[in-house]
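**Q** Sharing the feature lines straight out of TrEMBL:
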DOMAIN    121-157  domain 'Anaphylatoxin-like'
DOMAIN    413-455  domain 'EGF-like'
DOMAIN    456-497  domain 'EGF-like'
DOMAIN    498-536  domain 'EGF-like'
DOMAIN    537-582  domain 'EGF-like'
SIGNAL    1-28  signal peptide
């Protein structure tokens with residue numbers, strides 16, 4: 001019930017609007033009736049969120065007949081006020097859920113604006129909440145934004161974003177229900193799960209928790225066991241999940257616990273706490289057209305934002321049902337009609353049935369139909385209306401080009417051509433038509449009906465592209481066709497055929513006839529000169545200058561008339577394709593002068609003879625599976641009291657040889673030094689200690705998955721231009737825990753870089 005002050009304010013509003021009685025003393029009966037009307041309007045706004053406050057149904061409450069309109073106005077005002085309050089609350093909930101603030105499309109335009117304003121003011125409060133500012137609303141009031149904005153700012157500043165852990169069912173599969181206690185105070189009534197009831201709400205706890213005496217908060221139920229199983233098959237008393245940091249769901253992994261979140265939440269980076277997923281913001285909701293998405297903790301809801309439309313109203317269950325205009329008395333049927341309800345509308349049915357030739361007026365009376373308004377009579381007659389019917393009276397009147405026949409019963413055509421009453425001039429010929437005539441012209445001319453003369457037809461313009469294949473020339477009454485150079489006119493005098501200019505040998509070497517012309521071409525190794533007819537030699541070497549895969553020759557090109565030849569540098573031979581150069585393998589073919597004690601190593605464009613001499617206490621060996629490019633010295637057993645031999649940490653020395661082309665694309669792996677791992681991973685160190693003065697090379701330590709080997713890979717990191725040669729020393733040191741060398745393998749790697757890129 002409204003207070004007396006509300007009643008006085010409402011009555012004053014009615015008087016100012018000119019719709020209420022002048023109140024002297026504020027009649028108690030009138031005030032009580034208006035208060036009930038206000039209550040009814042507020043209830044309708046709560047029960048039907050999409051009900052238009054401007055079109056409330058009749059029969060709100062039993063009031064005196066002279067106060068019915070006053071009651072509707074009072075209910076409308078209170079409906080608007082309740083609607084603004086509801087929209088403001090929904091805007092606050094939408095803002096706290098992280099939604100985008102926008103004006104709602106609704107019958108109640110004012111309420112839709114309150115929704116957006118309260119949502120935006122709530123977002124201001126959320127900013128203050130995150131920055132730990134005081135929730136002082138004096139600054140908001142100073143902006144004169146209204147009490148709703150100030151309350152929205154204060155609510156969101158104090159409470160922050162919505163916090164809850166339940167996921168209610170989606171609203172798309174069930175009719176829309178008015179918001180209950182759990183929705184109106186989302187996250188503030190229960191710690192875990194809130195359930196609406198007919199009288200309010202009840203709280204429930206998640207599995208493994210029990211409700212405390214305050215019927216709101218939950219504590220872990222220590223009597224339940226949720227731990228994993230141990231080796232004997234019995235549950236452990238000290239379950240890992242029982243004291244885990246997980247906020248929602250915990251699972252034992254055998255060596256610890258793993259946290260996860262319920263549906264509608266996502267795990268934070270700390271791996272224990274959960275945050276709500278805003279389905280509305282990420283467009284993962286399934287709200288239909290005409291509904292708006294509202295984010296909730298762990299889920300979302302869909303609410304109708306469009307009304308039911310004309311002729312329908314929303315019931316308390318949120319469903320659109322037909323409005324019976326006849327029963328409500330809002331039809332517009334006159335006294336002579338009877339109202340019949342239709343889905344979404346109504347129909348006015350006459351109470352009296354009219355005979356043939358009569359129709360109903362707007363009051364339901366039968367009036368005569370004037371059939372003559374619809375031209376009911378055939379041509380040549382006049383329609384005369386009678387009461388309940390009509391009759392046709394014949395008229396004989398001839399139009400231009402016609403005259404009455406002998407008995408004056410019909411009209412017949414006048415032949416102007418036969419009578420000589422036409423005015424066709426010059427080449428035109430008269431041809432009679434019904435009611436008139438036309439002047440016809442011979443082929444190639446067109447008749448000008450205004451001057452009755454014949455005008456020449458320019459076939460080249462009127463039929464452009466259709467009379468001649470190439471060039472059209474208009475003539476008086478006709479046209480002729482001509483052909484361009486390189487063509488001649490065909491036998492039909494319309495099309496053009498090609499001339500074969502090659503029959504006269506206009507080219508030095510080859511002639512190719514083309515449509516309407518010809519082209520000269522030359523043999524391979526020649527090109528057409530500037531005159532388009534003679535041929536001159538093509539310098540292929542200058543045309544395709546450079547080296548590599550895209551050039552004519554891999555090394556050097558020598559032009560000849562009509563062709564070219566390729567040559568290779570010393571140490572290379574020309575392949576069968578007459579352009580590629582291949583290195584001559586002197587070591588394989590015996591074309592070298594290395595002694596029997598030396599090792600022959602082939603390089604690009606030559607070879608090198610290497611003497612491999614092992615230091616004292618080392619024995620020369622060839623590793624299993626190695627090539628001639630690698631020689632090895634392995635430390636043998638030391639003599640008794642040979643301190644230098646015993647203290648020497650180097651166990652193996654290898655000699656390796658590489659040949660590379662110039663300007664190799666870097667970085668590129670060249671060679672790897674491998675250490676086998678037997679049951680444990682040794683502490684290794686790889687270093688290039690000699691031969692890398694220019695920083696051309698680098699060594700990278702890598703682990704392999706083919707049996708646990710560790711490697712140090714030498715990489716070329718800077719391109720080298722040959723000829724160039726250097727010998728690298730690569731050390732692989734085994735270190736103890738004090739980083740002291742306990743074993744060492746040395747690889748000498750001699751790198752030869754060719755002068756050429758191949």
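Using N, Cα and C of the backbone, Cβ positions are placed for all residues, glycine too.
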**Q** Quick test of the contact rule: Cβ under 8 Å, at least six residues beyond the ends. What residues does that give for the domain 'EGF-like' (498-536)?
**A** 484-488, 561-564
**Q** Taking only the residues in the domain 'EGF-like' (456-497), give me the average pLDDT of this model.
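**A** Averaged over the domain 'EGF-like' (456-497), per-residue pLDDT gives 88.
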**Q** In the domain 'EGF-like' (456-497), how many residues does DSSP put in helix, strand and coil?
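**A** Summed over the domain 'EGF-like' (456-497), the classes give 4 helix, 16 strand, 22 coil.
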